[in-house]
Amino acid sequence: MWFLNSVNLLFLVCSVALHLDAVNAWSPTNGYAPGVVDCDENINLVRKADAVSDDEADWLKVRHESTVPALKDFLQRGFKGFTNDTSIIDKLLATQDTAPKVAIACSGGGYRAMLSGAGMISAMDNRTDGANDHGLGGLLQSSTYLAGLSGGNWLVGTLAYNNWTSVQAIINNMTDDNSIWDISNSIVNPGGINIFSSISRWDDISDAVEEKKKAGFNTSITDVWGRALSYNFFPSLDEGGVGYTWNTLRDVDVFKNGEMPFPISVAVGRYPGTQVVNLNATVFEFNPFEMGSWDYTLHTFTDVRYAGTNVTNGTPNVTGKCVAGFDNTGFVMGTSSSLFNQFLLQLNTTDLPSFLYNLLHGFLTDASDDYDDISIWAPNPFYEITNIPSNYSQSISEDDTLYLVDGGEDGQNIPLTPLLQTEREIDVIFALDNSADTDQSWPDGFSLTQTYARQFGLQGKGIAFPYVPDVNTFTNLGLNTRPTFFGCDARNLTDLESIPPLVVYMPNTRESFNSNTSTFKMSYSTSERFKMIQNGFEAVTMKNLTKDENFMGCISCAILRRKQESLNYTLPSECDACFEKYCWNGTVDATTPISSTTSSSASSTSTSDSGNKENSARILAPRSTLSLLIGGLASVFISF
């Protein structure tokens, strides 16, 4: 309860200022529409995905200057009272080359994932009151990468693009009007009883999207969705950052100085009209420098600043002229969560006043056409690229339009793929799972099984992922109710293409609040937001370290494990007990669980949105989750 009590005691006014360069921060039109800008006459905007970009490599050198001392401090605190043998910390943290590289992945799951994930992240942030004493404070400061998908990307994007604000700062201001994550009212009816406020909001959104359309760019419902979301994430900016661009972050001091992790947003490639999204779909990432994919169906990145430029194999069709402003921050965040476009399309199930319904229905129908859950990136920045191997489909490069969808539509609801690239040399990934896999909307490890299976398919070239059990085993062994380590012994992973990072799986589970809310619950009271965040904090800390006082020490062992193995160093003997307790030991129980709930509580009041997903009883069982998604969407009813 300490976390909520600290929230009740703190009513400090903490402004979240955006230190942005006026030229670089916005679209050249100062609005939502992209515009033409001058660029180098010899510029080529694409590169082969055979390494991290030069910009990322340069940034990593700066970031490591912050992560190494932060990680050393974290590990020393973790070992205090846990072991007297701290020699390995000094050995590994002596240089940047031997220091473990940490990444965090935030799953999708709507506002549930955003809020529960916020609690999880806050437990790792030394800026959170009590995180150093009752949580994993400093782990966020020790991390190099922070990936988000759908609702998890709302969390990552909010923090990153509000000048790396903290969850604590958001909480401190949560009772203020127009604060970050002020979602007391639905996104469709943001004004609540003030219907004129809602009309004004949607009128502004309509005008913004129309500006993009008049500028000659295709629009879809994702433009509407992204614009609507932005008001909740960037309330201090004009019209929710109507001209705020994704690439802006590269020019912001807190990022340039390496004071925050490298943010990554994830989406998946798909064509409109198709109903197949499986593990062979192309996984796209957006970072402050680039957008593109490591997958061999693309294997290319492009400068995200100039997305929207007509190109052929990366060369602008008009010499010396590029387009800027297409990479609107809300549009990128909307692309990663485009599944929620269906929410806007269900207006006939709402209790909106007729005149607001008519306004929205006409606007959204015109905007959506046949692209219900698709984000349109046109012109295609990868048109006629030549980096795709001949034995892979060339379809992405052959179309003049790039179609992207919600990053979780391929079943990989935790954005792990960008973090598994050997070029990034990550040693440990903290996988925060706020999925709604079971009938009661708790996670059951399904996302991990999909990522594991993907490495053996067409798109698995170049990646490796630790062995994981089937989803029934996750539930039967309770692996989805507590933190679990996967890939603890590199000697058992030699059959894989490479030695993958150790994965620390941290699922949403009930500690003090029923956090298994519906993915499509689109409004949360202030009290609900506080409780969701508090429960998330408790879920990743073994309830504020009360269930295991050595938990931080065990997390420290997990962080050190890969580097210790590769350099043949010795961990403290106390780590053996940690691995015995938290590592999955290969036991499988694939029988159908008696109950599919993962809550530690005997009851739940959540609305299910998991559909009729049939849990696989095999480790290797890739399959599409589109039927699940459609089934869930068909029963969506919006209430205000």
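Every residue, even glycine, has its Cβ placed from backbone N, Cα and C.
These come from Swiss-Prot:
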SIGNAL    1-25  signal peptide
DOMAIN    38-589  domain 'PLA2c'
CARBOHYD  Asn84  N-linked glycosylation site
CARBOHYD  Asn163  N-linked glycosylation site
CARBOHYD  Asn173  N-linked glycosylation site
CARBOHYD  Asn218  N-linked glycosylation site
CARBOHYD  Asn310  N-linked glycosylation site
CARBOHYD  Asn317  N-linked glycosylation site
CARBOHYD  Asn348  N-linked glycosylation site
CARBOHYD  Asn391  N-linked glycosylation site
CARBOHYD  Asn492  N-linked glycosylation site
CARBOHYD  Asn516  N-linked glycosylation site
CARBOHYD  Asn568  N-linked glycosylation site
CARBOHYD  Asn585  N-linked glycosylation site
REGION    594-616  region 'Disordered'
COMPBIAS  594-610  compositional bias 'Low complexity'
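Within 10 Å of the C-beta atom of Asn84 (N-linked glycosylation site) sit 10 other C-beta atoms, taking all shown protein chains into account. Taking CA atoms as the reference points, Asn585 (N-linked glycosylation site) and Asn163 (N-linked glycosylation site) are 42 Å apart. The most densely surrounded of the glycosylation sites Asn218, Asn317, Asn585 is Asn218 (count of other Cβ atoms within 10 A of its Cβ).
The closest partner of Asn391 (N-linked glycosylation site) among the glycosylation sites, by CA position, is Asn317; the full candidate set was Asn218, Asn317, Asn492. When the alpha carbons of Asn516 (N-linked glycosylation site) and Asn173 (N-linked glycosylation site) are compared, the span between them is 25 angstrom. The most densely surrounded of the glycosylation sites Asn173, Asn310, Asn391, Asn492, Asn516 is Asn516 (count of other Cβ atoms within 10 A of its Cβ).
Asn568 (N-linked glycosylation site) and Asn218 (N-linked glycosylation site) are 55 Å apart (CA-CA, integer value). Look at the Cβ of each of the glycosylation sites Asn163, Asn568 and count the other Cβ atoms within 10 Å; the largest number goes with Asn163. Asn310 (N-linked glycosylation site) has its Cα within 10 Å of the Cα of these glycosylation sites: Asn317, taken from Asn84, Asn163, Asn317, Asn492.
Here Asn173 (N-linked glycosylation site) is positioned 48 angstrom away from Asn568 (N-linked glycosylation site), judged by their C-alpha atoms. Per-residue confidence over the domain 'PLA2c' (38-589) averages out at a pLDDT of 94.
Ranking the glycosylation sites Asn163, Asn173, Asn317, Asn492 by the distance of their Cα atoms from the Cα of Asn84 (N-linked glycosylation site) places Asn492 first.
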